[in-house]
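According to TrEMBL, the protein carries these features:
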SIGNAL    1-17  signal peptide
DOMAIN    172-419  domain 'Peptidase S8/S53'
ACT_SITE  D181  active site, charge relay system
ACT_SITE  H217  active site, charge relay system
ACT_SITE  S386  active site, charge relay system
Amino acid sequence: MLRISSCLLVAVACVLAAPDPSTKISSDLQARLKAGEQVNIIVSMVGGTSSTLQQINSQRIDNRNILLNELHDALVANAKRSQRGVLKRLSSRSGVKSFWITNQIFVKAADSELVKLIAEDDQVESINEEAVAHIDEPFDMKVVETLADEHQWGVVKIQAPEAWAELGALNGDGVIIATVDTGVRVTHEALVDNFLGDYGWLDPSSSTPAPTDNNGHGTHTTGTIAGSKGIGVAPGAKWAACRGCASSACWQSDLLACGQFFACPTLADGTGKDCTKAPNVVSNSWGGGRGNTWFNGVIEAWHAAKIIPLFSNGNSGPNCNTANSPADQDVIAVGSTTIEDAISTFSSVGPTTDGRMKPEVSAPGSNVISAYYTSDTAYVSLSGTSMACPHAAGTIALLQTRDKNLSYAQAKQFLQGNTDTNLQFTGRTCEDIGDNVFPNHVFGSGRINALKSVRAQTLAMQG
């Protein structure tokens, strides 16, 4: 009798200790499922990718091509181990995508019964509704009939042509820049000659075989980074693009696909892979909300891959505490300035929800002329932090011209430590820091200067 009672007690204890699968399902998702809705979901696996990334980072692999392949293989193996059970449960369904970059699974149109089934797997950590971000919508669009200036004002303001001279005209040569945006008009006269080609394009939502853009935002931002005709900061660089924003909306599954693509690019149809074609820098002009961490898995993998991430700080200014996510995470966030070196009124301002300084730097973002999607010779003027971030990305591409292994920390140091601070101040104060005391939550460390950054790199290389 005593033996039976002991066994029963052990069984009861095991039942009590077993976690309730429903606790893995977010409250917002539970409410929608209870209402009978079918919802697109993101399933996150126990442990994520943290131990895998830690292991790769600890190896300190100097050869980037070897690093990229090792990182890919380790993350794929990690995902296979974690996701095996869930993917088996989902084997008969369509609309399922496995992401090794973050060890997550996307499931389209899941109902309550299916979500509960997934939650029963002991490798599942959490289940959330798919998030949605948006491109940082620009302002003040003006059609430009002809390019009157040899170089656009933002390129001149940050002294990019002088930086090219310092580099010996190697204005981005050998560097691959990338954008997660609405796409790119590949036939545009300012961008047609330096598209990366194979392994340089992915459209997660529509699977278009070649770069295209139905919005114009992505063509404009890519042009500011690497366009010819005087619009680009690093026109010698090759560009790649991923359409993470099929419209003004950017769905989490598409953004995860873009993050994964840039860590180890495939052909446009998703076949094959060549991790050595991973970009050196990725410019992101999208976001939304504050303190959101759902893209951090991609950011951490990019850091491990020596891909430098930049994000526009958002267009929610001028008030303090408006810096958007993911710009408020471990990335280089970029605010916007005018031709007079004042902060643009729309430019989002720090601090972050946990009190950190944002943006890191500011760059020209008001009335910026660049390529547009309506024809191969179309140009428009737009305003927004979306227009500022590409100036900073282009400056980092110039720094990478001489050092393809430029680290994230070095890039930040060369940008932040060599800004112009003789700016137009408004007296705005955030967290008791005025906008004329650097760094601050308005300008960051100041407005970027490509020439100063490149010269600082020259001195560092000589030392």
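The backbone N, Cα and C atoms fix where each Cβ goes, glycine too.
Because TrEMBL annotations are produced automatically, they should be read as predictions rather than curated entries.
Note that the structure is predicted; figures quoted are calculated from it, not measured.
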Largest tally of Cβ atoms lying within 10 Å of a Cβ, found at which of the active-site residues H217, S386: S386
Spatial separation of D181 (active site, charge relay system) from H217 (active site, charge relay system) - C-alpha basis, Å: 7
Cβ neighbours of D181 (active site, charge relay system) where a neighbour is any other Cβ within 10 Å: 29
Pairwise CA distance, D181 (active site, charge relay system) versus S386 (active site, charge relay system), rounded so that it is a whole Å: 10
